[in-house]
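Working notes, beginning with the structure itself.
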Amino acid sequence: MPRVPAHLRERALGMLQGFMRTADVARAINCHVRTVRRLRQRYRETGRTADHPRSGRPRVTTPAQDRYIRISHLHDRSRILATRELKQNHLPNCQYLKGIAYGSEDIAILPNGLALISSGLKYPLTQNFAPDVPGKILVLDLEEDVLKPVELRISHGFDLQSFNPHGISAYIDHTDDTVYLFVVNHLHPHFTSQIELFKFLDEDNTLIHLKTIKHELLLNVNDIVAIGPETFYASSDHYFTDTILRIFEKFVGLAWCNIIYYSPGEVISAAADFGFANGINISPDGRYIYVADLLDSIVHVLEIQDNKTLTRVKVINVGSLPDNIHVDHETGDLWIGCHPNGWKFSFYNKDDPPGSEILRIKNIHSEKPVVIQEYADNGSVLQGSSVAVNYDGKVLIGTVFHKALCCDLH
């Protein structure tokens with residue numbers, strides 16, 4: 001097979017950076033999958049995509065086009081913080097949670113100290129240590145002296161084999177104290193997205209499946225925040241559903257993602273023009289929605305209007321790639337699981353793994369919000385942090401594909 005031209009090598013590298021599967025990249029540039037793997041390895045080792053000098057065809061691109069490719073590529077690497085390194089900043093009294101080895105991507109905390117955890121996410125071009133193990137929802141009682149996550153049973157008839165949970169959100173109906181759990185489900189292996197609505201029965205660790213929610217605006221949902229028994233806001237991390245177009249969208253920096261408002265009687269795009277809308281949550285007073293825009297390293301503050309649309313109030317630059325957002329309902333502080341280096345996260349290397357970073361935003365509605373680094377690890381302890389929740393002096397940290405950590409600040 002002829003060697004891949006320089007412009008296609010650069011294009012392939014951009015696709016890989018845009019979270020595209022190796023096999024899809026190979027098809028897109030019409031080469032063998034081994035060629036793409038060698039290209040990625042060569043770039044890791046040398047920082048270049050070029051082969052050793054050899055005779056052959058004349059140049060395909062002009063010097064001006066080469067400069068444009070290099071500038072675009074460097075901009076993209078800068079955007080995902082590809083050169084960032086962390087200094088260790090650990091919390092005291094930390095322990096791994098037994099039984100969690102394949103991710104704890106999102107966590108919803110209830111007022112009684114029960115933490116609901118989504119585990120086993122399989123996401124395109126993201127590391128996964130158990131690709132054939134179905135996803136699950138766990139419960140952890142943070143009031144107990146011995147912390148032991150327990151898998152929740154799901155009611156008969158639900159398709160467990162294709163269950164691939166991502167973002168989750170809990171809502172308590174105070175008229176009867178029913179706990180509803182909303183789960184973003186990317187059906188494995190086809191990665192079609194839908195929302196699953198469950199009723200949580202804590203007395204026997206069971207989830208009763210109530211309904212599946214599908215809609216044309218909910219095809220690329222990342223996270224969700226419930227505001228009623230059947231009502232929620234959801235973040236979309238892509239505009240297109242086609243794999244190639246999804247890569248193109250991120251590579252050229254299209255800000256076409258949106259926030260969706262859903263109720264049984266109305267579904268609308270509540271806000272638009274996000275680069276990569278990730279974690280989403282609501283303020284304790286119910287007036288504001290917070291959205292993590294991963295590729296721009298910012299958190300948006302949006303105000304809820306009477307017609308359920310959202311208007312932008314401000315953005316906070318956090319200096320890391322923000323994932324899920326937890327809101328402390330006593331202080332109003334935001335706890336954010338972050339990816340400190342998107343390159344390491346996207347191109348997993350066990351010898352140089354992606355690190356973890358937890359940030360807290362205090363006084364977010366003041367003129368000068370404060371961003372504090374609460375935890376940082378270079379990947380030696382925890383890889384790919386995605387969420388952090390605090391409860392009664394404990395901090396629970398979850399990851400996309402790795403372990404989970406609980407630190408007791410007392």
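Heads up, the Cβ atoms here are built off N, Cα and C, so glycines get one too.
All TrEMBL annotations are machine predictions without curation.
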Just confirming the record: what cysteine out of Cys94, Cys257 does TrEMBL connect to Cys407 via a disulfide?
Cys94
CA-CA, which of the recorded positions His166, Asn307, Asn378 lies nearest Cys94 (disulfide bond)?
Asn378
List, in sequence order, the same-chain residues at least six positions removed whose CB sits under 8 Å from that of Cys407 (disulfide bond)?
Leu91, Pro92, Asn93, Cys94, Gln95, Tyr375, Lys394, Val395, Ile397
Counting Cβ atoms within 10 Å of each candidate's own Cβ, which of the glycosylation sites Asn307, Asn378 comes out highest?
Asn378
Count the other Cβ atoms sitting within 10 Å of the Cβ of His166 (active site, proton acceptor), across every protein chain shown.
24
